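TrEMBL annotations:
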| type | residues | note |
| --- | --- | --- |
| ACT_SITE | Asp384 | active site |
| BINDING | Ala328, Pro329, Gly330, Val331, Lys332, Gly333, Met334, Lys349 | ATP binding site |
| DOMAIN | 15-314 | domain 'Isocitrate dehydrogenase kinase/phosphatase (AceK) regulatory' |
| DOMAIN | 324-577 | domain 'Isocitrate dehydrogenase kinase/phosphatase (AceK) kinase' |
Amino acid sequence: MPPLTTEQQVSHKLARAILAGFESMFAEFLNITLGAQSRFERAAWQEVQDAMRQRLQVYENKVELVCEAVKVIAYRELDHSDVWHRAKNDYAKRVADHENALIAQTFFNSIYGSLLGQQKIRDVHRFILQETYRPEPRSTDSILYQFTETEGIIDSLRRVLNVFPLRIPFENLERDLKAAHRVLEKINPELLTRQNDTVEFGRSLFFRNKAAYIIGRLIDPVSGEHLPFAITLLNRKNRDGDTCLYLDAFIIGEEQLSKLFGFARSYFMVDTDQPVRYVDYLCRLLPNKERFELFNAIGFIKHAKTEFYRFKVDYTKRMPATTKYVSAPGVKGMVMLVFTTPDSDYVYKVIRDRFRPPKTSNRQEVMAKYDFVKQADRVGRLVDTHEFNYLAFDRQRFSCELFEEMTSEVADSITLSGNALILRHVYVERKVTPLNLYIKDASEQALEQVIDDYGTTIKQLAAANIFPGDMLIKNFGVTRWGRVVFYDYDEICPLTDCHFRAIPKPDNEIDALSEQPWFDIGEDDVFPEQFPVFFAGHHEAKKYFDRLHHDLYGVDFWKITQKVIKSGTLVDVYPYKKEWRLKHFND
Ligand SMILES: Nc1ncnc2c1ncn2[C@@H]1O[C@H](COP(=O)(O)OP(=O)(O)OP(=O)(O)O)[C@@H](O)[C@H]1O
């Protein structure tokens, strides 16, 4: 074999260094994830929150370290495209049989993009678009347990629950199974008569907040039909002060399971070193969810972006030629320019070059707010955001109005290159129906329900130490399940940073009649008495809110919530209707 040239040698070194970096990143991610069971068993909820935040940092920290190493290794050859091309091919061979090859490829892209992205935008996604790098479906046997010929669904549940080696005992498993039986009687009694089903479930528990979930499905061996399910395990202290497990809910069917994996929820910690296979399996259980949503749901948010990019390219290819990007329906933002296509499930949000008054913040501050949301426990009420740098679009796909608006309003964020419009920075979010539009067409009943949920959203966010800042109804949206979520983050902050005050009484008549405030207002002051203004022009909605959530207009609600947060109490959030909790089905 002829001796290697310097360039060849550097390429091999780069491939090895990046792969070692990936393995080390993955190990750190896994170490945090594997601690989830003990945190759950010890009810160490503060640690759960800390671990969540810590895990979100692992990837970027590792990319930074590996980039520094690569700069030294590559030295003069750092920006030689031949070197990188060879490094990529070498890397591709090294990871070809890797259990998590897809995530490893994303890691290579991150390093390359971080070091050279700005100069070589088109090459950043080297591993994404080529067919050869698309995943083949693989066997999921290694991540599943299966019981065949079971004696009905409740017996299956009992067997499933006995498999997991948890350190704490059940408080009263038979009581919980009886309640699960009653749930089935209520929602689908036919299921109780089914014998001989196969029960299949993931070997790894899914942990999130204060809960652990078992995820699986029932398969009818004759028809092959299947029914996905999840079982929620919670823990509490019994009368003797010992921590015990109990079943809190039996979640049945694709729709219910899909809500568990909703885009406004925090990420699961899944006790596995085979996350890609778990996503393959979840795709089977939830065929209406995209792969990127599922990678995201289990915390692989960087790789989720790779998958999103692939989804977006495929989606754009399928879009009829007449479909154009247009401004998102609703009231235009003063801070964000938001666009979508009418059929798309996603919106793209670009920070405006200049903010319209009265907004006084700047780009960095807005980005910091979006970052705050990424780290927060979103309690099912904050739409998740995916931040992209250098996301390319076909320029012809923009409507004339939108293109004009973009070139004047977000010029700092776009690069035009041939047919491409490249967004240097953009957030992608799931599209919901803005609440102000939703209530226009809502029936009386739907209006009451959604306004009740709007108030509940504010209360749940408050309990999770989040104050939305701008609570105008146009800043909230409604999901396809009719659930209210918040999406305008430029004024969001920890609730404990706010200073809730009653409006001082005026000293004299001139003050009382003045349109300007007659008292000093601090930067963090909030006056709940002024909240009715959020309903400007929506009298009917206000009527329901006044009746259902009047407490939000008073200072007491907010101060008491702050006190509870400061005492270290962590809110209970159930990603299913409270009526479905098994305790309602006990004797
Ligand atoms: N996830 C979403 N789904 C659907 N529409 C959205 C979404 N996010 C934003 N929009 C639309 O874009 C508009 C502006 O978005 P957003 O409120 O985030 O911008 P902003 O500039 O921060 O607003 P503001 O001026 O109130 O601060 C919204 O009023 C809504 O119509």
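Backbone N, Cα and C define each Cβ position, glycine as well.
Remember, it's a predicted structure, so these values are computed and weren't measured experimentally.
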Nonlocal residues around Gly333 (ATP binding site), in sequence order (Cβ under 8 Å, 6 or more apart): Lys349, Arg352, Asp488
Around the Cβ of Val331 (ATP binding site), the count of other Cβ atoms that are within 10 Å: 13
Cα distance (Å, whole number) from the residue listed as 'active site' to Lys332 (ATP binding site): 20
Recorded positions close to ligand 1 - of Gly330, Val331, Gly333, Asp384, only those whose C-beta is under 6 Å away: Gly330, Val331, Gly333
Largest separation between Cα atoms (Å) of residues that the record links to ATP, namely Ala328, Pro329, Gly330, Val331, Lys332, Gly333, Met334, Lys349: 15
Around the Cβ of Lys349 (ATP binding site), the count of other Cβ atoms that are within 10 Å: 23
Mean of the pLDDT scores, which run from 0 to 100, over the domain 'Isocitrate dehydrogenase kinase/phosphatase (AceK) kinase' (324-577): 92
Residue among binding-site residues Ala328, Met334 with least C-beta crowding, 10 angstrom cut-off: Met334
